[in-house]
Structure formats: structure tokens, C-alpha cells
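Q: Just dropping this structure here.
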Amino acid sequence: MDKEKSDPSCKSSDLKISNISIQVVSVPGKLPGRRLPRKPIGKARPRKQPKKRAPFWNVQNKIILFTVFLFILAVTAWTLLWLYISKTDSKDAFYFVGMFRITNIEFLPEYRQKESREFLSMAKTVQQVVNLVYTTSAFSKFYKQSVVADVSSNNKGGLLVHFWIVFVMPHAKGHIFCEECVAAILKDSIQTSITNRTSVGTLQGLAVDMDSVVLNAGLRSDYSSAVGSDNGCSQYFYADHLTLRYPLEISATSGQLMCHFKLVAIVGYLIRLSIESIQLEADNCITDSLTVYDSLLPIRITCVLLSGYRICEPTRTLMSFVSTNNLMLVTLKSPYVRRLAGIRAYFEVIPEQKCENTILVKEINSFEGKISSPYYPSYYPPKCKCNWTFQTSLSTLGIALKFHNYSITKKSMKGCEHGWWEINEHMYCGSYMDHETIFRVPSPLVHIQLQCSSRLSDKPLLVEYGSYNISQPCPAGSFRCSSGLCVPQAQRCDGVNDCFDESDELFCVTAKPACNTSIFRQHGPLVCDGFQDCEDGQDEQNCTRSIPCTNRTFKCGNDICFRKQNAQCDGIVDCPDRSDEEGCGCSRSSPFLHRVVGGSDSQEGTWPWQVSLHFVGSAHCGASVISREWLLSAAHCFHGNRLSDPTPWTAHLGMYVQGNAKFVSPVRRIVVHEYYNSQTFDYDIALLQLSIAWPETLRQLIQPICIPPVGQRVRSGEKCWVTGWGRRHEADSKGSPILQQAEVELIDQTVCVSTYGIITSRMLCAGVMSGKSDACKGDSGGPLSCRRKSDGKWILTGIVSWGYGCGRPNFPGVYTRVSNFVPWIHKYVPSLL
């Protein structure tokens, strides 16, 4: 309290009426009247002295004022403390990790020792330069510090400096910190000369290679591991012998596991890491994984110069990776080890390889040799390049290339994810798949260049080469598939996908079946398919009689085979061991049969397998329940680093109106098909594991839909339903709050291919050719549900994938064909077997 305001001797001008106190005292008798002064008679009496008023600054008032002062002081102190805590809590730290190459300073061995005078001096110099860059930038008031973590040699000469940058700012302003913005400040500070046509510029006296500058957001845990005093499970290896294998082994049975292995080889050589086995029970591929980096700090795979490969599943298959420089970082993370986690691996120093050759093809109409990606059978590193020249012995012969689990197609405007091929001045993109293809070049002289991806390490490639007759690519009596394979003409239009791309089953003339012929009775595609095609029904007779097993027969658990198609979970026991009806507790019949364009509001409980997937709280995609823990959706919903992280995702089950789900669970794990192609939407399928299994008490509102049997046969014109909360019309700006349903029909595959041209055997079309009913934005990943007539169960025939617009005439929706992925689903969800 201000002392001047409480002092009774303050000036009268400061007094207020409220400062005056009146004391009323009760006394007996009448109040004395005021006496008039008398004139003195004789000697005057002495006048009485007035009573002294009690002073204001007495002991009692002092105690009161002191108590008030203490109270105000306590309130003020508490308020200031709360404001400080609140201000501190509302600020976030942002971590960025990067590196650049200094070209005008030679590497010293002492730089490997972080306690050495040489390292500390160099680190101080670089930190001062980085400090000056950011303290004079637009982010100066948020900049906190920079820390040099490593100074290493590299195959291009000079020093490779790895560093961290830390910013601190209010949480509300965190959105302004984009990777591009922070990196641009550093790059713009490098002064380059127009006359100097190299990538080297000047940064505060340091000669820095512009092309080497890499900077992106990092994790706080990685920062703490890199600069903390307790490095825990971290090791630095320097390898200088070419013939040695340096072991890397780590294991843990409990607790937290966070290990960093920094591998450095002698200048001019590369590192090959070979992983023999890894044991890891991953919650997701972000927090639980083994990751390989082409640097000494964990810089993500999105960086141009760096590669990263993440493993988050147990494996005992040997895998090896090659660096692009003389260094590599291996990290193993698991925040909570339940059983056993660890790796057994080794690394070695290898020389750089040139990938080029000139080959004279001598054989005629056969494959005579092999070429491969660099460092085969290792994953080949980013930015690699190969050149091959082929020459045939005759001008009538061309070059045939047989790719294993790979295909090349003409390059589009979208670019190439897995590098590009230039073949006789024509550009192609490569993509991985689950079958072989043949690519033919009708020229006796062929120049081929493979330019590897600039960002990714890719699976090894093995290509057989040979010659072929340009005028007759396939032998007489054979059909040439779109995949390049040649199959016997007799296998065309037989109902079996012999070409792997269904090209042998397209544009087939539908004729009345010759029911009485022996060929039809034994091998016809309409035999035992569940549809009666012959008037007497003979095509559906004796379908469960035991016959020798082929690729067209159904196989029971005891290896007995028969002709019946779609026998799995059809409600009829066909196998003696009942294996065809095991694990079939899915999809009760919907009681109602009355992103969806042209659809109507469904009724609650109609589609109990429908799921809404929310990303950061907003509806983003659909999915289908296939078990108590697993969902099935589309891979394109999770494309990219941000969307592939399960942390922001939640699954809303048993929901009719958006926001009113009966059960909500975080997503524990996202498994995207390894061959997914974001350019063509091939292999557009993904599995999601829930963190919490939905309870059995909600089975009336949540139920799994049945997975189709392998190679399920469907017929065009069959009625199915597409459901979702997507847009009702293409022009709508947001989705529907109520679950929509629309009846569609399966479209003939030939019509589908004729419409879009890029349809693979892993896709199917459904819709209404008039355009009245279709899926739309927001329905992606949702189910295409078809009801089986034999038992009334619902089958997940398709997954909403892509299409041209929404509900446009003559452009049906394209769906992922689930029956082609049943073995892949069983690999992760064996309980469905």
C-alpha cells in the first residue's frame, strides 16, 4: 500500500467526504445547549483543554493495514506467477535439422572427436555464422540457438556439417514455421556470383555448396539424443578396411529403446548395410521403426539429397542398403518394448560402381542375359544412373526386356515416383507390381538410360534381355498380352486371368454357352460360378466332386479340390473338413434394402461396417470394418509423410450422423500396400489397426463385412451399394452430415477399360452409366457392398478409389478389387482365415 495515501498528515486537498468518520455517543439526560460567551467579570476562569482525539495510526489500524498489504502482495505475486507459467506453457520449441558442405576447409581427423579443440573451434565458427543468419532474419525474435552435432568428411571434398536449429515461439504462431521458409532464409544468405557457374557461394566467409544445403523439421527426441549429455544407446563407427564386416547388434526386452548408429567410411568409398533380422512389434511406423538415413542426423526422406528407408515389421529376410556418400545413420526406436526388440546386422565398406555396359545380343527369339540395378541385390541408392546399349545381330530383330515385379509405361505430366527410363529418346516411368512384364523395343540398336529417384532408395531390379522377331513378337498360335507376355490363344476368353492384367479376358464376345461340349463341362469359365447358364442347370452340377488341383479349382484345408467357385463363406459346407466355412462370422443381413452422388439418407444400423476416418478432427475418408481390430481402406487416403502418421487419425464406428459415433478409437497402425502407385492408383488398398478393439456389446451397430474369396467372380449388371458421408454433388463444398447410400451396378471390365484406358486387373468399375449414382470426394476408402444371394451376407467387393468427376454420364466410379488382395489381407489379419 502507498504510504502517502494512508498518512493522516496528508494535505487537506486530498481529503474526501468518505475520509471523515462520525462517532455517536449515548449519554443520560439532555444534550447540553451551546453557551454564549460571557464577558469577563473580575478574574477569568481557566478554559478547559479539549480532549485529544485518538490518533489514526494506532496499533489496531496498523495491524489491519498490514494485513491488507500482505493480502494485496500475495494476490499480485500469485497473478504474476500465473502469467509467467501461462506464458511459458503457451510457447513451443521448433526443431530443424540440416547439413551443408563447406568446400574451402579440409577435413581433419580431429573433427571426429567432439571434445577436441579443432571440433569445438569449427563448431563455434559455424554456429556463429548460423546465429548471424537467423538473428538478422524475419524470425529473429523466435530464434534461440544452433548446435553443430557432427563434422564429417565426404566424397566430394571439404567438410560436411550437420547441425540443429531451435526456435521458440507462442503456440498460436507455430503455423508460420514451414520448412521451406526456414530453409529459404539460409539459402538466400549464401552469396553466389553470376560469373561463377558453380553451386558454391559465400556464407559469412565460408564457401558453401548451395546444392548441399538441406534443412527440414526434426523431432525433439532426436535433438535430445544428438546434443544431450546422456547419449544412451548411440555409437560411432569409423570403417577403414574394405574386407571387414562390422557387426551391429542390439536387443532389449523391456523399457524404451532409442539407438543411433553413425557409420563413416574412408573417403571415396560407400557403405553397405545388411540387415539379417529385425524383431520389432510396432505400434506404428513412426514411433516404432528401424530407419536408414543417408546422413549422420535423422533428416527425413523428403529431402532431395537424402534417402530414408523405414522398417517396422519383424523380418528374417536379408535386406541391404547402399549409401550415396561415405556415411550413414541407422536409428532403432521403440518407446515401449513389450517383448523383444532388436536387430542383427552388419555393414561394410564398398567401392563405387559404374552402371553401364554395351551388349551384343546373339541369340534369336530368346532371353540370354541379365542386367540389374546398381549394387544388386541391395536396394539401389537415390540419384544413381545407368546406361546400357544393346545391338542385335540382325536388323529384323528387336530387343525384349523381361522385368520381374516391375513395369514401365509412358511418362505422363505427373512425373515418375520411382525414377524414369529413356529408351531411344522416349520417356517412361517405372512402377513395382506382383508379376512379371515384357517390354519390347522394335529396333536392332537400343540405347537405355535409367535415372534413379532423387529421393528414395528403391527395391532391386533384375531384367532379362534378349531379342525377338519385330514382325512377330509372339509365336504363332499365341495371344500377346498388354503386359507383354505371350499366352496360348486357347486361353483367351476362358475366364482365367492368364496375362495378369486381364487383357486376355477383355473384348470377349459373349455367346450362348455350348453346354453339351466336353470342353465346356470341364473347363468352361461359366461352370460352377454360382450362376445357372444352361437351361438344364448342368453347369452348376457336381461342383464339389473331388478333382485334381489346378489354378482354377477351390482348395480345401485338407488339399481336396473341386470346381465350385466362390465357395469360401457362402453358407454351404463344401469341404469335408469344413474349412470353406471357417472364420466366417461376418456381415449379418442388412434389415433395410431401400460421398454418394444421387444417393439417399440411409437408416441407422443399415451399414454396420461403415467407418468414418477423421484426420485432425475432420472427416477425411471412409473405411470398412473387417474384424474387431482391423479396418480396410484406400491407400491414397494416407499418401505422404503427414497422412501416413497414424497419430492424428481416429476411426468413428457405428455412426449414422457425423459427430455421433457409438465408438471412437485412435488408429494404432497404417499399412499401405507396398506396390501402391500414386500416379495410377494401382494397388490402392490399406489396412488400419485400431488402438482399441470395439466392444461386443455394440455388435448390433458395429459388424464386420465379409472379405470375398480369392479370385471372386462377379458379373456385370450385378447390383451393389456404395455408402459414405462424401459430397452429394460434384459442386458441393462439403460432405453430407448423414450417411448416404446409393445403388450402383457392376460395369463390364471391357467398358471400364474403354472408358479410362488405365484400368488394371486390380480395379473394377461400378455406377450408373447415366451418371445418377456414384461415389464422390469424401467417400474414398469406403465400401462397395454386394449382397450374396446364397446366404444373404454382404461382401466387400470394392473400395472407393477414383474416377472422373462425380456422377458424370458414361464415367463410372473406379474401385479397388478386394478379391485380388485376400492373401495380402490375411498376411496382416490371419484371424480372417
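Backbone N, Cα and C atoms are what each Cβ position is placed from, and that goes for glycine too.
Here's the feature list from Swiss-Prot:
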REGION    30-49  region 'Disordered'
TRANSMEM  63-83  transmembrane segment
TOPO_DOM  84-829  topological domain 'Extracellular'
DOMAIN    92-220  domain 'SEA'
CARBOHYD  Asn196  N-linked glycosylation site
DOMAIN    233-350  domain 'CUB 1'
DISULFID  Cys233-Cys259  disulfide bond
DISULFID  Cys285-Cys312  disulfide bond
DOMAIN    355-471  domain 'CUB 2'
DISULFID  Cys355-Cys386  disulfide bond
CARBOHYD  Asn405  N-linked glycosylation site
CARBOHYD  Asn469  N-linked glycosylation site
DOMAIN    473-509  domain 'LDL-receptor class A 1'
DISULFID  Cys474-Cys486  disulfide bond
DISULFID  Cys493-Cys508  disulfide bond
DOMAIN    548-585  domain 'LDL-receptor class A 2'
DISULFID  Cys549-Cys561  disulfide bond
DISULFID  Cys556-Cys575  disulfide bond
DISULFID  Cys569-Cys584  disulfide bond
DOMAIN    596-830  domain 'Peptidase S1'
DISULFID  Cys621-Cys637  disulfide bond
ACT_SITE  His636  active site, charge relay system
ACT_SITE  Asp684  active site, charge relay system
DISULFID  Cys720-Cys786  disulfide bond
DISULFID  Cys752-Cys765  disulfide bond
DISULFID  Cys776-Cys806  disulfide bond
ACT_SITE  Ser780  active site, charge relay system
Q: Give the one range among 92-220, 548-585, 596-830 whose Cβ atoms make the most pairs under 8 Å with those of the domain 'CUB 2' (355-471).
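A: Looking only at 92-220, 548-585, 596-830, the most contacts with the domain 'CUB 2' (355-471) come from 596-830.
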Q: Could you check which of the disulfide-bonded residues Cys508, Cys556, Cys765, Cys776 is the closest Cα neighbour of Asn405 (N-linked glycosylation site)?
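A: Result for Asn405 (N-linked glycosylation site): the nearest of the disulfide-bonded residues is Cys765.
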Q: Three-state secondary structure of His636 (active site, charge relay system) from DSSP?
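A: DSSP call for His636 (active site, charge relay system): helix.
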Q: Looking at the recorded positions Cys720, Cys776, Ser780, which has the shortest Cα distance to Cys355 (disulfide bond)?
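A: Looking at Cα distances from Cys355 (disulfide bond), the smallest one goes to Ser780.
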Q: In which DSSP state, out of helix, strand and coil, do we find Cys233 (disulfide bond)?
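A: The three-state answer is strand.
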Q: State the residues, same chain only, that lie 6 or more residues beyond the ends of the domain 'LDL-receptor class A 2' (548-585) and have a CB under 8 A from a CB inside it; answer 'none' if no residue qualifies.
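A: Contacts with the domain 'LDL-receptor class A 2' (548-585): 496, 523, 527-530, 542, 704, 706, 708-713, 788, 790-791, 793, 831-833.
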Q: Hey, which of the disulfide-bonded residues Cys233, Cys474, Cys556, Cys621, Cys806 is the loneliest by Cβ count within 10 Å?
A: Cys233
Q: Is it possible to get the count of other C-beta atoms within 10 angstroms of the C-beta of Cys720 (disulfide bond)?
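A: Total other Cβ atoms inside 10 Å, all chains included: 21.
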Q: Using DSSP, would you call Cys752 (disulfide bond) helix, strand or coil?
A: helix
Q: With an 8 Å cut-off on Cβ-Cβ distance and a minimum sequence separation of at least 6, pull the same-chain contacts of Asn469 (N-linked glycosylation site), or say none.
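A: Result: Ile364, Asn365, Thr396, Leu397, Gly398.
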